[in-house]
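Taken straight from TrEMBL:
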TRANSMEM  12-30  transmembrane segment
TRANSMEM  94-118  transmembrane segment
DOMAIN    94-295  domain 'ABC transmembrane type-1'
TRANSMEM  130-153  transmembrane segment
TRANSMEM  226-248  transmembrane segment
TRANSMEM  270-291  transmembrane segment
Amino acid sequence: MRKLILRKTVSAFATLFSIATVTFFLMKIIPGDPFAEERPIPKEVRAALNAYYGLNHSVWVQYITYLKGLVQLDLGPSLKYTDRSVNSILKEGFPVSATLGVEALFLSLFVGTYCGVLSAKNWKKPVDRIITIASVVGISNPSFVKATLLQYIFAIKLGLFPVACWGTFRHTVLPVLAIAFSPTCHLARLIRSGMINALSRDYIQFARAKGVPWNHVLYRHLLPEAILPALGILGPLTSGILIGGFVVEKIFAIPGIGQWLVKSISNRDYPLILGLTVFYGFLLLIANFIVDLIHISLDPRVARSSIFRKK
């Protein structure tokens, strides 16, 4: 177990280093100038800005400087927001994004599991068909489409919730629904498929032949069979929630790090893009690591599988 944890920790750091390196060099090869404005900037001013931010050095010198700052947890200054560092922007925006992400994750887990069980319990019945169709529609539409529809119907037309901004719990309802909808549908389909596939197991058939109540079979035998495979998608599920929050935060004018990332791409604010990308990568690696540990603790066979063996 210790070797497994150590191996996955080393792998996580290697992945994070790769993310930082690839993102850094991508920022250097894409066209555009972070100091480009509507009015041309004098050469002297541009040279002074490049010298101030260290952009007048070679790419390799900038890369080494960036890695040193990364080791010291210093993500550097923003090029577009005067006297603001990437760290301060993260400190400001992360609590907002974390609130949305945690609410969306728990909503997805609860509603997705409930709908999956309800669909399997009513297999081949109208309820099952309705949930299946709704899941397909929810998965096939991106989060910004759902966010726009929710905003138009429940905020603009019905006036039940605020159109945008951030402040109270009511401001989180529509964004959380928009972010959680697709992960909920994915989880519901997976739970349903797992429970239906488990119906053909010998011990399930034996239990039903003995006259064990259907609800007992459903919740004591079928649901645990479906939960273990569902744990495998918790990492991607968390990734989808984090990534889905990018555009949703922009649509609802929520001051989270997703909106900051969208702005940084538009503004070509390279240090901010780098810092937020590495931070998101770190969050995803931590989420996947925790999910793997939970999966291993619930099913020790996973630790012995080839997925976790050293190649």
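Placement of Cβ uses the backbone N, Cα and C atoms for every residue, glycine included.
The list of residues near the transmembrane segment (130-153) in space but at least 6 beyond its ends in sequence, with Cβ under 8 angstroms from a Cβ of it, reads 115, 118-119, 163-164, 174-175, 177-179, 181-182, 184-186, 188-189, 192, 244-245, 247-248, 251-252.
Tertiary neighbourhood of the transmembrane segment (12-30): same-chain residues 59, 62-63, 66-67, 70, 270, 273-274, 277-278, 281-282, 285-286, 289, selected by CB-CB distance under 8 Å and a gap of 6+ residues from either end.
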